[in-house]
Amino acid sequence: MLYVFLNFKINKYYVTIIFVNILLNLVSLAEDVRLKQPKQEGKVRLVGDLPSSGRVEVYHDGQWGTVCDDGWDLAEAQVVCRQLGFPGAKSFMPGGRYGEGSGSIWLDDMNCKGSESSLSECSFKGWGITDCSHKEDAGVVCETGTNITTDHQFFLDNSLGLSDDLGLLFDSGDGCDFRINVQDVSEESELTFCVHSMILMIYPELNITNNSGNLTVDVSQTCHPHVSAFLRYLYSRQIDVSITSAQCLHQLAFNFGVKKLMEDVGRAFTLLIPEDNTFHTQVSMFEYGLRTGDLVLQENVLQYLSWNFEFLISSPVWSTISFHMMDALLRRSDLIVKDEAFLLEALERWIQDKGDEISSDQQASLLNHIRFLLIPVDKLYEMQFSSSILHRNHEKLYLTGLLRGFQFNALPFSKIRNQMYNTSSEYLPRIYTGDEWSVFINDTTVNYQYHNYYYGQNNRIQSFSTPAHPSALYKEQNVQWQAQVFLSNQECSYYGIPCTSFPVARFLASGNQNMYTSTIRYSNRLILTCKNENNIFHVQDFKNDMAVIPNNSSMGLPNPCPDDYSFRFVVRPEYI
């Protein structure tokens, strides 16, 4: 092994740089370098005039981004300061106190215990999922301590070319000592690759120490063209992923136990989700995610299908979806349907279509996910006279649901409060889009004359009223709502609203809303739908009555119609 030592002096500190000739023995160093090289992912920094205070930024996916101040408290500040090497935090700073950042807002709705070693270990919405603007960039003030020394350290990182060098090592095959045989189930086609056991030892699930110099893997023949690129990834951690190669690479990552690649390729699948209006792709992707245990892929598909549930019901694949998918969908509160009775009718048709494929116990399990309490009371009344086969087979379950539904509509909140804590999901509304609870704004053109917007001639301002709550007790107690969509600074300034990006939606309540603040809260939603495709691609809540539409890069799913979509405002009252 060849070492070259170079000493030089910076101020009064000596720094020794050791250049290691990696190429002389690259394989034997691969594991050691992997463990010792610093991990950039999840690092934090402070942007401000002092090193101990400033705007918090976190490194993810190759770039720095900010943190929203929603949920930002002293516990989160403590984690940041300790991660940076300070003794602790003096205070937390919300609301862009240290200026507005740029680029991505990586973290939102933070919830730290205070004991985490890094900010990314805390609970949060998900990378890049946010409804914040940079006016809400969080900051901290850290304790500096009293025993500051002058023993500075200078970190030097020369690992930049390591990935390329390891990739070249795979390409050359020099010094390889382990063979991987790739065959399909029929054994009609076989590939052989010579690799380096030291590299493969990084992946313990391969268990190569128990194999006598070779490993045979079954891979479908359609994926054989992608095996070489996958094995090269094991060396270099770099790979090109396309729509055509994504499923093969995901399957290979699953077979070899490379979980990080599984997660990354799973995100590529999300590009496919909004593209198939027949829902065949989404259903097959969910089942594939179920088989491979990819929870990220399962969640992305379920979220999209929950938003587009009414379209799914009317599609040809509705009767073909599995019990597991139906069970997962019915558990969700982000399911978008006309009302709960509509959901029950759809479930009854699905069970009838399935016939003997679904056992009686499975039928009962699915029916238990129906929130009978939130079925409109007039439809509850009609339901008791139903003569459907499913009703007769599960009469006790239906009667229990009807009884609880009538109690919910007849009893005051004070009577049912304790029961609500025990079975809270029954009381939690889904996203109901019936005319009683929502309003639709379809016009998003900006060619209005100046005076039209101010004299009520704008179709992007709609007013309507709803009951204060779904319970029959509130049927005659209305809340007035005004839904607005702003597309320009001129429109925002007229209402005294600071807007930094467009479009912006506002959903205001008036009238008697304040009478119910002790028992009822409104978790309203904004739904974005492609006009031509009739598919929902984004749902978000309102913050201080406002919803700033995120750009395509920060949405959970890609926007398939960035310039041609409509808005639906949905009122969601729930007992506190």
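Cβ coordinates are placed from backbone N, Cα and C, and glycine is handled just like the others.
Residues or ranges marked as disulfide bond in TrEMBL: Cys68-Cys132, Cys81-Cys142, Cys112-Cys122. The domain 'SRCR' annotation in TrEMBL covers 44-143. What TrEMBL lists as transmembrane segment is 12-30.
Here the features listed in TrEMBL are placed on the structure.
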residue: Cys68; record: disulfide bond; contacts (Cβ under 8 Å, 6+ apart): Ile105, Leu107, Asp108, Asp109, Met110, Thr130, Cys132, Glu136, Asp137, Ala138
residue: Cys81; record: disulfide bond; contacts (Cβ under 8 Å, 6+ apart): Pro87, Gly88, Ala89, Val140, Cys142, Glu143
residue: Cys112; record: disulfide bond; contacts (Cβ under 8 Å, 6+ apart): Asp73, Ala75, Glu76, Gln78, Val79, Leu119, Cys122, Ser123
If you draw a 10 Å sphere on the Cβ of Cys132 (disulfide bond), how many other Cβ atoms land inside? 21
So of Cys122, Cys142, which of the disulfide-bonded residues has the fewest other Cβ atoms within 10 Å around its own Cβ? Cys122
Please compute the mean pLDDT of the model over the domain 'SRCR' (44-143). 90
